[in-house]
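All remarks here apply to the structure that follows.
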Amino acid sequence: PAAPAEPPAPEPKLEKPKEEPPSCPLSLAVEEVSENSFTLTWKAPEQTGRAGLDGYVVEICKDGSSDWKAVNQDLFLSTRCTIPNLSSGDKIHVRVMAVSASGTSGPATLEQPVLIREILQLPKIRMPRHLRETYIRRVGDAVNIMIPFQGKPQPEVSWTKGGQPLDTNRISIRNTARDTIFYIRQAQRGDSGKYELTVHINGAEDKAALDIQVVEPPGPPQNLKLVDVWGFNVALEWTPPADNGNAEIKGYRVQKSDKKSGKWFTVLERCTRTSCTISDLIIGNTYSFRVFSENICGLSDSAAVASGVACIEKTKTTYQPEKIPQRDMMEPPKFTQPLTDRTTTRGYSTHLFCSVRGFPQPKIIWLKNQMEIREDPKYIALIDQGVCSLEIRKPGPFDGGVYTCKAVNPLGEASVDCRLDVK
């Protein structure tokens, strides 16, 4: 009998290819070091796999030891990490690994251990540009100034005014690690002055001065007087105000008011003197005058009013015509601008120019090679306001030569000449 048939061999099972873990992180570097911590940064690995990264593990180890400890219990999702609670003077090795569902990458390490030490930075005040000049505020305004500075470790900040501590009832100071804030809720004129800011670290310091000027409108001028009245003019004088508002007086505003309308009109603005003359007043009117003082805040709240009034009365005048002596205007011809030699091209029109003066107006005669140019369509002679011109239309080689301009009047004659070359 035939041998029994062998059962068919089972088909082999295909195994799924195993995914490779991600590659190690890139560009591991130390961003900042302080006396008890340091900060790391890195970049994502080139190969993360199809599943993507779950995060990063950061491990540290002291120099001379092989005991690696993880800094984080949960995976880091960021590529920046600060490692705190370290001892100053330690040397720390560090490594970073990328983690995904397919495994953990190889470590990215630093070539040298990180030395935990305090980095000193000299104190430096960064005074804003607008505070390097006098800082001006009005009475009642708030003063809120922030001045940045730098330095490590955190510097000590102190404010003084005239070498004395500040009045904390009026001035509030708030300091942070990088700036100081100077605040006054409602400024008064007594807050004006120079303030000194000092930032110091272990014997090293930097100083800056803050000049604050608190101003208000000035008082009115004093001793306004009506000095003189003549014709249509009035002269006024006064003295500066007793209180300038803690700011320089920029000028005075002078106003007038006539008795008929009772309205005030400005005559002068920003008058820098303490006297002025007002003109062009109207005959028959009676005028009053007042003066305001002005500084950077504006006009004074009140004005100084002149005690007297000016009455512009009509005066009798007799017109006497001025005798003007007769002047002899006769003058022989004289050329004020001569002719100049010219070179022109055949077929291109050209002009000759000169200027002459004289009275009576001289007659102009043009000559070519001592021959008078008469009515020839080739030449156009003009004179306008003493400027004489001769146009030579499309000259040819035979038009070259010496041209003369002669001016003649009853008192004499004058002439100028030039050479014209035609190429």
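Quick reminder: no glycine exception, Cβ is built from N, Cα and C everywhere.
Marked as compositional bias 'Pro residues' by TrEMBL: 1-11.
Annotation comment: TrEMBL describes 1-24 as region 'Disordered'.
Taken from TrEMBL, the feature compositional bias 'Basic and acidic residues' applies to 12-21.
The feature domain 'Fibronectin type-III' is assigned by TrEMBL to 24-119 (among others).
Secondary structure of the domain 'Ig-like' (123-211) per DSSP, as helix, strand and coil residue counts: 6 helix, 53 strand, 30 coil. The domain 'Ig-like' feature in TrEMBL is assigned to 123-211 (among others).
Per TrEMBL, domain 'Fibronectin type-III' is recorded for 220-321 (among others).
Look at TrEMBL and you will find 333-417 (among others) tagged as domain 'Ig-like'. For the domain 'Ig-like' (333-417), residue counts in helix, strand and coil come to 3 helix, 53 strand, 29 coil, using DSSP.
Taking the domain 'Ig-like' (123-211) as a whole, pLDDT averages 92 in the prediction.
Sorting each residue of the domain 'Fibronectin type-III' (24-119) by its DSSP state yields 0 helix, 47 strand, 49 coil.
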